[in-house]
Amino acid sequence: MASHLPPRPTAQQNQADAGGMAVDEHHHYGPRGLKRWLLTTNHKEIGTLYLIFSLTMFFIGGIFAMVVRAELFQPGLQLVEPEFFNQMTTMHGLIMVFGAVMPAFVGLANWMVPLQIGAPDMALPRLNNFSFWLLPVAFALLLSTLVMPGGAPNFGWTFYAPLSTTYAPPSTTFFIFSLHLAGISSILGAINIIATILNLRAPGMRMMDMPLFVWTWLITAFLLIAVMPVLAGVITMMLLDINFGTSFFNAAGGGDPVLFQHLFWFFGHPEVYIMILPAFGIVSVIIPTFARKRLFGYASMVYATASIAILSFLVWAHHMFVVGLPLVAELFFMYSTMLIAVPTGVKVFNWITTLFRGSLTFEPPMLFALAFVVLFTIGGFSGLMLAISPADFQYHDTYFVVAHFHYVLVPGAVFAIMAAVYYWLPKWTGHYPHTRLSQWHFWLSVIGVNLTFFPMHFAGLAGMPRRIPDYALQFADFNMVTSIGAFIFGASQLLFVVVVVLCVRGGEKAPAKAWDGAEDLEWTVPSPAPLHTFETPPHFEPHRH
Amino acid sequence: MRKRIVRTAGLVACSGLSGSVLANGWNMPVGVTDVSREIHSLHMIIFWICVVIGIVVFGAMFYSLFRYRRSRGAKAANFHEHTTVEVIWTLIPILILVAMAIPATATLKTMYDASEADLDVMITGQQWRWRYSYLGEEVAFTSNMATSRSQVSGESAKGENYLLEVDEPLVLPVDRKVRLLMTSDDVIHSWWVPDLAVKQDAVPGFVNENWVRINEPGIYRGQCAELCGRDHAFMPVVVEAVEPERFDAWLAERKEAAAQEALGVDREWELDELMERGEQVYSSICASCHQPDGSGSPPAFPALAGNQAILDDPDYHIDTVVNGVSGTAMPAFRSTLNPVELAAVITYERNAWGNETGDAIQPADIAELLDDE
Ligand code: HEM
Ligand SMILES: [Cu+2]
């Protein structure tokens, strides 16, 4: 494969391209060592911290998933007790959603939003530092529940009451506190991103000139500000139910367990789009670069993103089709969910039309972006099936749903994050990632992901409920394949770490414009990007979008 | 090297798809009710719609990927927007979805019409068993998983219906409309039988409604679908659908047995009798939390063996079992168990595993207590 790759721009061009930009490497007089990282207000350093944190959480959450898959390798209970199994599924979900995927996108935003809009830093650098450092505290607290009496949270990442209140382990209060901290971090991060995008764009860059990664993050940030407070509200109600004798969700005290689900999913559905909109942005930036052709339908991409965001507030109860909603509610949420698939489809059509009559090459970022388009779409198809409310009576709470959301989240969100890392590593480190190893990482991931998640569709349709540590014999074969796939996928992520570490330490030198088809502003600063960039705003030429 | 990996992966995939998988199905069952058939056909329609869209979309994509590679000398074209095209590919999906929404709406309306049922069954979820009660018939029983723990742990071989078998199935008549009312005593459960296409959450404090009219006699298996705590995997649902005449006979028999048991309330019971009956009740209902040997799993589930709080104070013991302990996982058994069962299980707990109070709690006293409250 490597031989087909086009010649790369040479390092000499680095100087030439970065010509006019005098960059003073010596003017950073901050503290050194640990203190430097604790106190940094630099968007690139904070971005790096976020990304390292996210990768760490990705592996911790991954280990939990491996425990789950090892137990499910065969029918019967072999390795863990059901109590611990439930803690593993719960912690896996919570860590992956709040610890791995969301912080990875915030890290990418920290690094790339200022560079893509020609800003010197984030608008609120100290707040930025605080938003990040809340996270290690939050997740240290969450992980510490594993060794508390009664164990860690065991009620699923959706923590339905009253299982998560009256019947919950004592550690639930710590879980609530940790989620509050993570939520505050997200809200502050979102405010910062909005402030940066609205105020610090290079002169001449209008909103409709912004790269799509910036657009999708702007919209995501508004979603975050809208729904994280709802999450904070619902966990506070849980806190009161558990510790202060209220009965919001306790039927015996006149409360309503279904209210919990409405509140949770009013947060939860926009939340799933929070995890995918920035991924759409990344893919919309990478595909044109390696197709050497402008993104097809830039404006329609922006409108589609905005309509998805708005519609995402109107579909929450599609997660609740079997809780006993009235008929009109079932119909409303079925129609609205079907509708949200339309702008999602428009995005896929636009990506494919961008490829059409391009001049394509398949560097690692492009490989991940293309796999994203195919595999995310498969997740979209199962989403469409789940939207059909009568059919959802059969699909709901089975492995079919697990297959659906893993397709949109793993080869969806996670692949997009990896595409972004491969795409911007030359900018961050000044080196290209090792091509062969990256390709190995890609192919093993693709095989692993499909072996893991595709058979889950069948297991679910055949009747296997989710969140069970042991299952009837007819599901045995599907589960064995899934577990093998999961081990392949898990192990191949070690390769990702190797690629990243090698790339940081050395490798082929990258010029300022590391990919010949790349056009956004980040490619006008040297590679690696110096600590301070765009101290004088660049002049932006609106030629591309 | 890569070839070898691909080959191994292929082998793994093939072996996964062989044998029992094909035999046991990997698609949604068609089921044995009109509604389950309708749902199955909706599922197949939307599936084929996705397949067709997938062929078109991925076809266009892979065509572009092969045709427009730079290595084949492709030069990039320069077009980048086209409003008409955007409008078309917004409208076509909308039309497809409207076409899909029409039959889905019709099916949903049918599913929501539980009126004019011939029989009402109340289904109550409890950690971790189902309780069935035939409303207006004075027949009620609990249904526990029958698979032994030794099969789960691997000490003995797994049977054919591993995890999907119960001590007492829900017996229903075919060709009659049965209204299913669902509720829960503790957390949310979800009663699901794929062949009947009934999945409905059992929510504490609410009564949900669903219905079923089974077309073919048979045994239909399913399980709890909503995470409900430790033994969520171990609360199967088994429905035995029988001809209406057989059902009527069965129901009459169960009513008779219930009446017999009710007579027993008034007589004086010996300690041994109570212990025997109590052990049955304990192992089917209490042992899942308090353990067969009464050791519990503190802090959530207190031990009963040597528990001075209950041993010193019979009234407190009775109150705990009858009324539950609010704010904890201990449910109230006043409406789940009859006076004989309550008296027997309390007696058992006071005299088993080294507890030696010698108390024989009388069903009549419990009945009186229930009447007073
Ligand atoms: C075409 C667009 C989509 C449609 C129509 C759709 C539809 C649905 C429906 C109806 C469910 C509920 C299934 C059930 O529980 O019975 C569901 C679950 C879910 N979806 Fe999607 N979805 C779409 C895209 C996405 C995307 C983009 C994401 C995230 C990146 C996502 C993440 C999830 C998650 C996490 C769940 C399950 C949550 C849980 O119960 O644990 N979906 N989807
Ligand atoms: Cu949703």
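Placed from the backbone N, Cα and C atoms, the Cβ positions cover glycine too.
According to TrEMBL:
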DOMAIN    A:37-541  domain 'Cytochrome oxidase subunit I profile'
REGION    A:1-20  region 'Disordered'
TRANSMEM  A:49-70  transmembrane segment
TRANSMEM  A:90-111  transmembrane segment
TRANSMEM  A:132-152  transmembrane segment
TRANSMEM  A:172-200  transmembrane segment
TRANSMEM  A:212-240  transmembrane segment
TRANSMEM  A:272-291  transmembrane segment
TRANSMEM  A:298-317  transmembrane segment
TRANSMEM  A:323-346  transmembrane segment
TRANSMEM  A:367-388  transmembrane segment
TRANSMEM  A:400-425  transmembrane segment
TRANSMEM  A:437-458  transmembrane segment
TRANSMEM  A:478-504  transmembrane segment
Seminar exercise, completed: When counting C-beta pairs under 8 angstroms to the transmembrane segment (A:400-425), the leading stretch of A:212-240, A:272-291, A:478-504 is A:272-291
Problem set entry | Surrounding residues of the transmembrane segment (A:478-504) on its own chain - C-beta under 8 Å, 6+ positions past either end | 55, 58-59, 62, 65-66, 69-70, 72-75, 399, 410, 418, 421, 425, 429, 431-434, 437-438, 440-441, 444-445, 447-453, 455-456, 458-459, 462, 464, 471
For this session: Examine the transmembrane segment (A:172-200) against the transmembrane segment (A:272-291) and state whether at least 3 Cβ pairs sit under 8 A, considering only residue pairs 6 or more apart.
Result: no
Exercise. Are there at least 3 C-beta pairs under 8 angstroms linking the transmembrane segment (A:212-240) and the transmembrane segment (A:367-388), leaving out pairs fewer than 6 apart in sequence?
Worked result: no
Problem set entry | Two-stretch contact, the transmembrane segment (A:132-152) and the transmembrane segment (A:272-291), at least three Cβ pairs under 8 Å | no
Seminar exercise, completed: Among A:90-111, A:212-240, A:323-346, A:437-458, the most Cβ pairs under 8 Å with the transmembrane segment (A:272-291) come from A:212-240
For this session: State the residues, same chain only, that lie 6 or more residues beyond the ends of the transmembrane segment (A:49-70) and have a CB under 8 A from a CB inside it; answer 'none' if no residue qualifies.
Result: 37, 40, 79-80, 85, 88-89, 91-92, 95-96, 99-101, 103-104, 106-108, 110-111, 132, 135-136, 139, 143, 414, 417, 421, 452, 482-483, 486-487, 490, 493, 497, 500
Problem set entry | Tertiary contacts of the transmembrane segment (A:437-458), as residues 6+ beyond its ends and Cβ separation under 8 Å | 1-2, 69, 364, 367-368, 371, 375, 382, 399-400, 402-403, 406-407, 410-411, 415, 418, 422, 478-479, 481-482, 484-493, 495-496, 498-499, 502
Exercise. Which whole number is the mean pLDDT over the domain 'Cytochrome oxidase subunit I profile' (A:37-541)?
Worked result: 96
Seminar exercise, completed: Same-chain residues at least 6 beyond the ends of the transmembrane segment (A:298-317) with CB under 8 Å of its CB atoms are 208, 212, 215-216, 219-220, 222-223, 226, 262, 265-266, 268-270, 272-273, 277, 280-281, 284, 325, 329, 333, 336-337, 339-340, 343-344, 346-347, 350, 545
